[in-house]
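Quick look at what TrEMBL lists:
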type: DISULFID; residues: CYS76-CYS85; note: disulfide bond
type: DOMAIN; residues: 49-86; note: domain 'EGF-like'
type: DOMAIN; residues: 91-167; note: domain 'Laminin G'
Amino acid sequence: MNTIKARVGTEHQFVGCVQELRINGHRFDFRPTGSVGEAEFGINVGECSDGVCDQVQCKNNGKCVARSADRHICLCPYRYHGNSCEKNSPVHIPHFSGHSYLELAGLQRSVLSYTEIELVFKPTYHDGTILYNGYSRDRRGVFISIALEAGHLIFRFDLGTGPAEFR
């Protein structure tokens, strides 16, 4: 594992579930080779389960997502927040003039473990930054951003290994 760590430049190993892996159209079977699968070797690999969500009731149509065998998070629908989606939030739809912005508390370090962004917007112009979350105001270091450029949605991020973008 130290060889892999040196090559990919990360200190942390993956924690979570992998439902499917396809490379060049080939779907890999994670079952051991002795039981018709393709897994030749593994250490400390268990069955991924949503069992923790069997005992959790997210309120207001929230969705429970297992983060580990004993931890969960409730994904709350619009207008609700809180550990169990129990708190109602008033709805405000801000309008931006191109010279305005809102500064919110931000994602802090929660972006490192799980991030799901749902954004509904109605642009007046084809260009502009819609969302930016970073650790510094000079836009250096770890960040995520969503912008419109020539009417196309651009997702940019740097989670510590260098900037990347999806168009």
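Using the three backbone atoms N, Cα and C, a Cβ is placed for every residue, glycine included.
Note that this is a predicted model, so its numbers are computed, not measured.
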Local confidence of the prediction over the domain 'EGF-like' (49-86), expressed as mean pLDDT: 83
The domain 'EGF-like' (49-86), counted residue by residue under DSSP: helix, strand, coil: 5 helix, 13 strand, 20 coil
Surrounding CB atoms that lie within 10 Å of the CB of CYS85 (disulfide bond), all protein chains: 21
Proximal but sequence-remote residues of the same chain as CYS76 (disulfide bond) (Cβ under 8 Å, at least 6 apart): CYS58, ASN60, GLY62, GLY82, CYS85
